[in-house]
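According to TrEMBL, the ATP binding site annotation covers A:7-20, A:G101, A:N162, A:R187.
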There are 2 protein chains.
Amino acid sequence: MNACGLIVEYNPFHNGHIYHIKEAKKASGADCMIAVMSGNFLQRGEPAVIDKFHRTRTALNSGIDIVLELPYIYAVQNSDLFADGAVKTLNEAGVSTICFGSESGSISHFITSFHTLKAKRAIFDETLKKYLDRGISFPEASKHAYTNIGLTDQHIDLTKPNNILGYSYVKSILENNLSISPLTIKRTNNDFHDQTITSTIASATSIRKELLKHNALTAQILPAIPEETESQLMVYKDKSSIWHHWENYFPLLQYRVMTMSASEIKAIQGVDEGLENRIIKTAKKATSIYSWIESIKTKRYTWTRIQRMFVHILTNTKKADFESVHLPSVPYVRVLGMSQIGRTYLNRQKKQMHVPLLSKLTRNQDPVLAIEEKAAQAYYSVLPPEKRNSLFQQELQSPIRL
Amino acid sequence: MNACGLIVEYNPFHNGHIYHIKEAKKASGADCMIAVMSGNFLQRGEPAVIDKFHRTRTALNSGIDIVLELPYIYAVQNSDLFADGAVKTLNEAGVSTICFGSESGSISHFITSFHTLKAKRAIFDETLKKYLDRGISFPEASKHAYTNIGLTDQHIDLTKPNNILGYSYVKSILENNLSISPLTIKRTNNDFHDQTITSTIASATSIRKELLKHNALTAQILPAIPEETESQLMVYKDKSSIWHHWENYFPLLQYRVMTMSASEIKAIQGVDEGLENRIIKTAKKATSIYSWIESIKTKRYTWTRIQRMFVHILTNTKKADFESVHLPSVPYVRVLGMSQIGRTYLNRQKKQMHVPLLSKLTRNQDPVLAIEEKAAQAYYSVLPPEKRNSLFQQELQSPIRL
């Protein structure tokens with residue numbers, strides 16, 4: 001059997017994702033589609049609108065055969081570490097190809113960029129530093145640095161979010177000498193960051209924005225998502241009472257920060273360069289997550305970076321917990337769900353894995369999996385007690401089977 | 001000037017407290033009445049119904065001249081350490097007498113008990129251990145041990161809550177060789193622990209129970225409290241939106257425990273003998289503070305002991321934070337409020353104090369005062385953000401003046 005890997009968040013799953021799965025299947029010729037998916041907290045430092053189990057169900061009902069969980073220590077990270085964890089997980093799962101959507105659409109551009117950048121790293125870094133020192137923003141400074149080593153927008157614009165992620169995937173594959181072929185398909189219509197829904201292919205950002213603003217599946221959203229997403233969004237809300245939003249966590253996060261010492265905050269992942277004092281000071285006046293981030297952010301500390309740091313404070317995840325993120329291999333592969341094809345595939349593949357294949361939380365578990373447990377508890381902690389306890393039970397059950 | 005000290009919680013202030021102040025004034029002949037009062041969290045491990053500032057106002061309007069704050073590290077403690085902190089604070093404040101209510105009403109009984117117990121400590125301890133080993137409850141076992149050294153109920157029943165506290169006050173005065181005369185007045189009517197209101201003198205427990213059950217000042221409560229209490233209860237609720245109750249804190253406490261490691265819980269004050277695992281295990285199924293404590297408590301871990309431990313988890317107060325509790329002196333004396341008489345008294349007395357006289361939170365403050373700040377933040381954290389921020393401001397202001 002021949003497997004193709006996708007790296008996803010599905011927050012929420014929409015028509016663009018269906019297109020991605022279909023095109024990836026076509027381009028790879030694979031008979032098993034494997035998605036490695038962030039859990040309850042996402043790369044940009046946000047809680048997922050619905051939990052990983054309900055997002056897994058949608059994926060399995062929409063053409064994915066196996067959903068693997070990207071561990072928290074890789075998922076809530078910058079694009080390089082996010083990509084590295086995802087690629088290594090898919091490598092353990094034995095995929096032949098990894099297919100990602102990009103603004104570019106040409107895989108050779110990514111590969112050329114990798115080699116050019118590797119050869120001219122020193123010049124790139126020097127240029128980047130020069131522009132950053134002048135107070136230019138990171139994306140703008142990068143643009144200058146890329147141009148300076150001959151990588152212009154004509155080839156590939158490495159300041160566009162999906163190109164950045166795609167580049168990180170390719171880089172991880174090449175740097176780790178993995179026998180995986182990277183593939184890319186050109187994204188249609190909407191940009192990653194688009195804030196409004198303009199067609200049946202809309203960005204997850206625009207769908208979330210509309211969903212959380214109205215706290216309802218409006219007529220704007222419905223054309224952009226498959227029925228399966230609609231159904232899982234409703235099922236989850238029925239079980240939990242909410243769709244998760246950063247603002248739900250504001251009282252917990254503020255309480256937490258206000259009862260921590262500066263040195264305890266400093267021990268949290270992502271709190272660097274004396275930011276602990278700024279966090280404590282601003283906490284006292286904050287009245288929402290939004291206003292709080294606004295009062296912390298600077299050119300250096302972007303919105304996303306602060307959100308990721310807030311997730312780590314919320315889940316009490318420390319710098320020490322992230323040490324294994326730089327190890328050559330992921331610590332385990334966790335299956336969240338699988339189709340019949342996925343089951344057959346995994347039964348064969350598991351013999352060739354170098355790390356344990358896991359399905360649920362257990363006693364005396366891997367420390368990286370223990371972080372997953374804390375993250376799940378933190379994620380559900382905004383729900384009424386009975387609902388929280390019952391949703392958490394999913395963590396202790398066997399993978400979802402289609 | 002001649003000052004008399006009272007050791008109080010005023011949760012809430014009621015007619016029995018008015019009686020206590022009047023009788024203490026009479027018995028001591030003092031012209032300045034000083035109360036040392038627990039802050040926002042109390043000896044039995046509970047949040048106060050209204051904050052310390054509003055309880056201070058009631059006290060000042062009811063005959064107290066100075067309200068001092070008993071630091072958290074003494075206040076949320078067993079009776080011996082609670083008493084020790086309170087007595088030492090009053091000693092710094094220069095009181096000549098300390099007057100407490102007791103079931104006994106005779107100070108000589110307390111003094112005799114102290115000397116008898118000191119002389120026969122070994123026999124007492126041996127008897128106590130023997131009965132505890134048989135599985136007898138602590139109060140019952142103590143009763144046997146007291147009888148065995150000749151201290152019978154005829155003299156003084158040292159298993160009654162106010163006698164226990166009174167005994168601890170006397171013990172602290174005598175053991176520290178302080179030039180303070182202990183005085184006691186016989187409590188009228190209701191017992192400390194009475195659950196229902198039966199007259200105009202009712203226990204604080206029964207008043208709180210009625211107040212929190214109906215979330216209103218019912219016709220049962222009004223005859224048992226002065227108008228000043230009624231008014232401060234209403235003012236506070238208007239500012240904060242609630243009267244504080246343990247159950248308000250359940251979501252925060254459960255969230256907190258679920259994101260802590262066993263070793264982090266073990267570092268918290270009051271978590272002994274492997275209780276951390278029991279706390280984590282029971283947290284997963286708890287649906288209220290009540291049900292959670294029920295599932296933890298044993299003969300060894302009484303309700304009160306668990307509540308105190310829960311307060312320490314909530315405020316993130318560690319064993320290390322309590323080290324200074326055994327020092328010969330309190331670290332500072334903090335004034336919460338004063339009358340004109342109180343001001344005059346303190347102006348003279350402050351020259352003779354061995355520790356700083358403080359009034360508000362400051363930068364680079366004493367570590368013990370820093371704990372007060374965290375406790376205040378934790379206490380207010382169940383309120384809407386604007387209300388919480390504005391009530392916390394009281395910590396940064398000068399003492400309340402009548």
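From the backbone N, Cα and C atoms, a Cβ is placed for every residue, glycine too.
Bear in mind that the values here come from a model prediction, so they are computed numbers and not experimental data.
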Could you check what DSSP calls A:Y19 (ATP binding site) once collapsed to helix, strand or coil? helix
Taking DSSP three-state, what's A:I7 (ATP binding site) in: helix, strand or coil? strand
Most Cβ neighbours within 10 Å: which of the binding-site residues A:Y10, A:F13, A:Y19 is it? A:F13
Other C-beta atoms within 10 angstroms of the C-beta of A:I7 (ATP binding site) total 25
Would you mind checking how many other C-beta atoms are within 10 angstroms of the C-beta on A:G16 (ATP binding site)? 21
Local Cβ density at A:N162 (ATP binding site) - other Cβ atoms counted within 10 Å: 17
